[in-house]
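Novice: Got these off TrEMBL a minute ago, pasting:
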type     : residues : note
ACT_SITE : Asp142   : active site, charge relay system
ACT_SITE : His197   : active site, charge relay system
ACT_SITE : Ser519   : active site, charge relay system
DOMAIN   : 32-110   : domain 'Inhibitor I9'
DOMAIN   : 134-572  : domain 'Peptidase S8/S53'
DOMAIN   : 627-728  : domain 'Subtilisin-like protease fibronectin type-III'
SIGNAL   : 1-24     : signal peptide
Amino acid sequence: MATLAASSCLLSCLLVLFLSSVSAVTDDDKQVYIVYMGSLSSQADYTPTSDHMSILQEVTGESSIEGRLVRSYKRSFNGFAARLSESEREKVAKMVGVVSVFPNKKLQLQTTTSWDFMGLKEGKKTKRNPTVESDTIIGVIDSGITPESQSFSDKGFGPPPKKWKGVCSGGENFTCNNKLIGARDYTSEGSRDTEGHGTHTASTAAGNAVVDASFFGIGNGTIRGGVPASRVAAYKVCTATGCSSEALLSAFDDAIADGVDLITISIGDKTASMFENDPIAIGAFHAMSKGILTVNSAGNSGPKPISVSGVAPWILTVAASTTNRGFVTKVVLGNGKTLVGKSVNAYDMKGKEYPLVYGKSAASSACDPESAGLCELSCLDESRVKGKILVCGGPGGLKIFESVGAIGLIYQTPKPDVAFIHPLPAAGLLTEDFESLLSYLESADSPHATVLKTEAIFNRTSPVIASFSSRGPNTIAVDILKPDITAPGVEILAAYSPDGEPSQHDTRHVKYSVLSGTSMSCPHVAGVAAYVKTFYPKWSPSMIQSAIMTTAWPVNATGTGIASTEFAYGAGHVDPIAASNPGLVYELDKADHIAFLCGMNYTSHVLKVISGETVTCSEEKEILPRNLNYPSMSAKLSGSGTSFTVTFNRTLTNVGTPNSAYTSKVVAGHGSKLDVKIMPSVLSFKAVNEKQSFMVTVTGSDLDPEVPSSANLIWSDGTHNVRSPIVIYTSDY
């Protein structure tokens with residue numbers, strides 16, 4: 001979602017759903033930089049904080065560094081954040097042991113039916129492993145949490161797992177329990193969630209089942225997380241102004257050392273960064289090295305191409321899509337015609353009709369009619385609007401309705417697939433219905449209408465990728481397909497902070513709210529990852545990621561251009577039940593990722609410090625990025641008009657049954673036709689954990705320059721279908 005306060009709310013904020021601009025923390029001529037130093041030294045007498053202080057004293061020439069050192073990273077990896085001038089930054093960057101120095105950024109925070117929609121239903125029909133689930137700890141790096149929420153009640157919970165090494169450092173009037181077992185604050189505000197975002201994401205991933213939850217009666221039902229018996233640890237790094245990357249790295253540092261089993265982080269930048277300058281990629285690399293999977297939101301800058309963030313292959317990156325439920329708000333005109341709009345409108349006009357006024361007809365002398373028709377700031381005459389339902393050609397009326405005294409709002413929405421909460425009776429109409437409304441305004445002597453309360457409808461048969469969900473291709477590792485997967489992220493009902501506002505200028509306080517964004521889809525996949533881990537506690541992050549990606553539902557392309565291709569949804573839509581029985585998995589470890597980074601021409605010096613190992617990149621120790629043993633296959637070519645041959649090398653591990661044989665099948669996708677050959681075409685396994693390798697050769701010519709060309713490779717033993725997308729493309733679109 002966009003501003004931390006609400007992916008639920010004001011359309012003028014949330015339709016954008018982008019991240020805020022980078023803003024360094026300044027102090028005179030100094031700003032906060034993160035000095036990343038890779039893995040911790042194995043020397044017994046090494047003390048990170050002392051080393052950090054010495055470095056600062058050396059580069060600043062000051063005996064006292066009070067006010068200079070912001071944070072030390074010393075539990076899971078090495079580094080610090082400090083206030084430095086530009087010349088001091090240059091000196092630090094040249095010091096031995098320093099991998100990278102990059103400015104502190106202000107990143108931004110990016111379910112009654114969603115789990116049922118995905119097939120993970122309540123009751124005996126869904127297989128559970130409650131003992132292991134209770135030992136599973138989900139680390140939530142976000143805007144904090146509401147400890148009193150029923151979603152985090154510890155009724156029926158025993159003591160925390162013995163592996164837990166964290167603390168409850170939530171601040172004043174904050175108490176942990178046997179469900180919410182830990183909290184840390186990096187904002188000086190305390191761990192309590194005053195925005196609502198962190199409470200919402202945590203409850204989506206791991207919240208208890210809470211009956212009769214709704215937003216003022218809308219979406220009434222039982223909300224729950226994917227693993228209700230699991231434990232939650234909250235790491236607050238975000239406030240209303242954003243999420244500091246130096247705080248985010250501290251949260252990773254602590255969460256890894258605290259003993260969490262996986263991390264969900266619905267935070268990101270609006271563009272992808274080089275891995276050595278990306279705090280989420282850095283933190284997630286160290287988490288991966290310790291066996292912890294990081295699930296990250298893809299971003300909300302769609303449908304624009306090359307907008308996906310979180311592009312490192314050791315991160316599971318999640319796009320957002322719809323469920324089978326949608327919220328609609330109907331508008332009944334004075335002539336009896338009903339128009340169907342989008343919003344989460346909890347206000348009841350009780351069928352009473354109010355006069356309609358088009359912004360263009362209420363223009364003030366300060367604006368032209370076109371601007372007034374869009375209800376832009378300072379463009380309307382209050383005397384012509386007060387007490388009426390304002391009609392606007394865009395969402396601008398949401399910024400001014402209060403100042404002009406409108407009693408309701410009807411506007412033309414640019415986001416037809418998302419309903420947002422509004423602080424007054426409101427409905428967003430699609431173009432056709434909005435034009436019908438304008439025709440009625442022109443033909444009626446005294447146009448009137450009423451806006452009805454929102455209702456839930458269940459008429460969607462398959463998921464559709466949200467228009468706001470960020471798209472690929474990957475600009476950092478161009479042969480790694482991102483995002484990886486899609487999950488429900490549209491109109492999700494979950495727990496909320498009573499201290500937060502459901503929408504901008506909204507004074508109501510709620511325990512549950514409806515939010516939309518990849519921030520909402522991310523914890524869904526984190527919940528699925530935790531669910532899979534309860535059956536396979538010793539599985540590595542890559543095995544869990546592979547299980548989720550290769551068992552995903554295929555997503556049918558809608559719309560045109562790359563916004564409706566694998567660059568929108570990756571491997572497909574997450575399927576929790578299938579993911580718990582994948583049959584085969586693609587395994588990766590730290591060494592594989594290092595070989596991948598060598599293939600991307602990372603220097604030996606940087607790799608040594610990142611990995612904690614002496615690494616000399618050579619032909620023997622590097623792989624082409626496209627040959628990383630990843631569950632999807634992608635290659636960017638230099639031109640579209642010539643014939644080509646691309647090969648991918650992969651290895652599968654049998655996690656199903658012994659004495660099994662898998663036969664390959666290739667299903668055509670979109671774009672130009674690809675000729676795909678698999679060698680060998682059959683993989684025979686005699687034992688569990690046995691590995692078999694194969695090669696994929698893709699040939700073709702005259703690629704479509706407008707969209708990627710794709711196919712799907714499916715390995716099947718008659719029970720399991722292990723599917724990998726193959727994507728070939730030529731440009732950044």
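The backbone N, Cα and C atoms fix where each Cβ goes, and this holds for glycine too.
What TrEMBL says about a protein is an automatic prediction, not a curated fact.
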Novice: What is the interatomic distance between the Cα atoms of His197 (active site, charge relay system) and Ser519 (active site, charge relay system), given in whole Å?
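Specialist: It is 8 Å, counting Cα to Cα.
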Novice: Taking just the CA atoms, what is the gap between Asp142 (active site, charge relay system) and Ser519 (active site, charge relay system) in Å?
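Specialist: With distance taken Cα to Cα, Ser519 (active site, charge relay system) is 10 Å from Asp142 (active site, charge relay system).
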Novice: With helix taken as DSSP H, G or I, strand as E or B and everything else coil, how many residues of the domain 'Subtilisin-like protease fibronectin type-III' (627-728) land in each class?
Specialist: 1 helix, 59 strand, 42 coil
Novice: Within 10 Å of the Cβ of Ser519 (active site, charge relay system), how many other Cβ atoms can you find? Include all protein chains, please.
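Specialist: Counting Cβ neighbours of Ser519 (active site, charge relay system) within 10 Å gives 34.
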Novice: Among all the protein chains here, how many other CB atoms are within 10 A of the CB of His197 (active site, charge relay system)?
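Specialist: The answer is 34 other Cβ atoms.
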Novice: I'd like the number of other C-beta atoms within 10 A of the C-beta of Asp142 (active site, charge relay system), please.
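Specialist: Taking all protein chains shown, Asp142 (active site, charge relay system) has 30 Cβ neighbours within 10 Å.
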Novice: Please spell out the DSSP helix, strand and coil residue counts for the domain 'Inhibitor I9' (32-110).
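Specialist: Result for the domain 'Inhibitor I9' (32-110), in helix, strand, coil order: 21 helix, 24 strand, 34 coil.
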